[in-house]
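A.B. asks: Got a structure for you, written out below as structure tokens; questions coming shortly.
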Amino acid sequence: MYTTNTFKEIYATKNDIDWTLLDSVQSIIKEVQQNGDQALFDYSKKFDSIELAELEIPSSSLKHAYQSINNDLRTSLETAKTNIEKYQKSIKWKQSEASELYQKIHPLNRVGIYVPGGTAPLVSTVLMTTVLANVAGVNETIVVTPPQTDGVQQAILAACHIVNVDHVYQIGGAQAIAALAYGTETIPKVDKIVGPGNQYVALAKKLVYGDVGIDSIAGPSEIVVVVDDASRADWVAYDLLAQAEHDVQARTFLISENKDKLNEIMAEVDKKVGSQPRYAIISKSLKSHHYSVHTASKKETVEVVNLIAGEHISIQTKDAESYVDLITTGGALFIGPYSPEAIGDYVAGPSHVLPTGGNARFSNGLSVNDFLRTNSVINLKPSTFTEMAPSGIRLAKEEALQAHHDSLYFRLEDTK
Ligand SMILES: NC(=O)c1ccc[n+]([C@@H]2O[C@H](COP(=O)([O-])OP(=O)(O)OC[C@H]3O[C@@H](n4cnc5c(N)ncnc54)[C@H](O)[C@@H]3O)[C@@H](O)[C@H]2O)c1
Ligand SMILES: N[C@H](CO)Cc1c[nH]c[nH+]1
Ligand SMILES: [Zn+2]
């Protein structure tokens, strides 16, 4: 357990990105650029132990998967889709009316969507990305997801069918990001890559950014839970375990002014961890990346939460709502005991693709608006030009840019 000060000291010197991986990710990207599909076949064998015959999964297989999954799974996927669609429509940028100065909104043309599948096939990620692209009006959606020994999970394929994905390729990791960024013989180059993934995926996205757009660095999962004497220790314990089970790199933070509650919750975690099917992952994650922080006041609690800028911030105190205005960094806020993080993972409506590693200081969670771009439109009347030109002419002189000056000056003269 840390005090606020010791935690701040540790946090200031800590860097969770494993930079030693950067070289190997860089060389994977180069190899895909040079050798295209062949590199993808080779890396699937090397990293996923699978000899692929084909990269693309045909649309007939998606339809077949949709028909073959259980009714309750199909209904749950449809329900989640409906909730996501409803929320994303409500926050979509609205096109302003044309005037002399305005912004024109356009959907992106082609986007690549990474659906993780290394240690768990994240079927919900298909919905938490593609539905947003569809609401935005994106022309073409392409899903990549790691290959599996028995083929990509039927649920993932069925979800792709439900949201009308145009192409699905069974390829994962940094090699999939490189293929989307630069294109191969089979996989077309996209305009933007979105979706979460492990360290390899996150680093690859960082490296290809600029040649292609990315959403954010949505790396290994994180949760910050704030508790007080009234919090349910068993419920909070499950919330911590739920994020820890994603990855050995997943980070969990538990923060309170109440030391006894911190101890009570961690005792619950210890009690429950042994029976978890993903015990091996959870125990490694907790051992290396769990922080319990004992704060002296609510002010300190808020400071620590804002310093972490975590992916998920779960406030399970009596005065939970009062934190909404105080937490200024964080991917998504979960307020009160009945807004557990896992409800956001699956069905609430906001996307579960969220910035990690402190990126919530400057990035947002994925939304429909990430699939839109705007350009400003300048369409001036002669009278507005005449009004603005003298200041422009003066600034052009200041910058000693004669042609800029002339472009304004002679027009102004002609309109007199
Ligand atoms: N931030 C978010 O929004 C968010 C949302 C969902 C999931 N996640 C995170 O996504 C991640 C999913 O990770 P995952 O591993 O299960 O699946 P993944 O699909 O992200 O990664 C699997 C791929 O990693 C590559 N890989 C594995 N070992 C490698 C090595 N040694 N060298 C090069 N490449 C290698 C392989 O190609 C494999 O296909 C977790 O960290 C989870 O926490 C984050
Ligand atoms: N908690 C993850 C984001 O960090 C998203 C997810 C998908 N499925 C389950 N969980
Ligand atoms: Zn989760």
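Backbone N, Cα and C define each Cβ position, glycine as well.
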A.B. asks: Let me know which member of S221, S292, S367 TrEMBL also records as binding substrate at the site of Q243, H246, H312, D345, E399, H404.
C.D. replies: S221
A.B. asks: Need the DSSP three-state call for H404 (substrate binding site) to compare against my parser.
C.D. replies: helix
A.B. asks: In sequence order, what residues of the same chain, 6+ apart, have a Cβ less than 8 Å from the Cβ of Q175 (NAD(+) binding site)?
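C.D. replies: The answer is I28, E31, V32, A39, L40, Y43, S44, F47.
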A.B. asks: Using C-alpha atoms only, work out the spacing between N198 (NAD(+) binding site) and E399 (substrate binding site) and round it to an integer in Å.
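C.D. replies: That comes out at 47 Å between the alpha carbons.
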A.B. asks: What same-chain residues lie close to the coiled coil (70-97): Cβ under 8 Å, and 6 or more beyond its ends?
C.D. replies: 103-105, 123-124, 127-128, 131-132, 134-136, 155, 158-159, 162-163, 346-351, 367-369, 372, 374
